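Just below is one structure, and these are the notes that go with it.
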Amino acid sequence: SKEGMSYEEPENDEGVACTGQYAESFCLNGGTCRYIQSIGEYYCICVGDYTGHRCEKKQV
């Protein structure tokens, strides 16, 4: 339910772009850092064959 929310922006599971040191160094191997405000978690959108929470693993 949307009651009590003061902003119009829809909830988005992709989160928002990370800032500061997280944007710089949280994701490895070219991954894009995202922050999910509702749960206070950072995660990475990986590129190529990389996987893992911080794109630290390469799939074979």
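The backbone N, Cα and C atoms fix where each Cβ goes, glycine too.
Swiss-Prot lists Cys18-Cys33 (among others) with the feature disulfide bond, giving sequence analysis as the kind of evidence. Spatially close to Cys33 (disulfide bond) yet at least six residues away along the chain are Ala17, Cys18, Tyr22, Ala23, Phe26, Cys27, Tyr42, Tyr43, Cys44, judged by Cβ distances under 8 angstroms.
Counted within 10 Å of its Cβ, the other Cβ atoms near Cys27 (disulfide bond) come to 25, all protein chains included. Mapped onto three states, the DSSP output places Cys27 (disulfide bond) in coil. Per Swiss-Prot, the feature disulfide bond maps to Cys27-Cys44 (among others); the stated evidence is sequence analysis.
Within the same chain, residues at least 6 positions away in sequence whose Cβ sits under 8 Å from that of Cys55 (disulfide bond) are Cys27, Leu28, Asn29, Gly30, Gly31, Cys44, Cys46, Val47. Here Swiss-Prot flags Cys46-Cys55 (among others) as disulfide bond.
Look at the domain 'EGF-like' (14-56): DSSP puts its residues at 6 helix, 14 strand, 23 coil. Residues annotated as domain 'EGF-like' in Swiss-Prot: 14-56.
Per Swiss-Prot, the feature signal peptide maps to 1-6; the stated evidence is similarity to another entry.
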*Against which stretches of its own chain does the domain 'EGF-like' (14-56) lie, if we need a Cβ under 8 Å and a gap of at least six residues from its ends?*
none
*Given the disulfide-bonded residues Cys18, Cys44, Cys46, which one has the fewest other C-beta atoms within 10 angstroms of its C-beta?*
Cys18
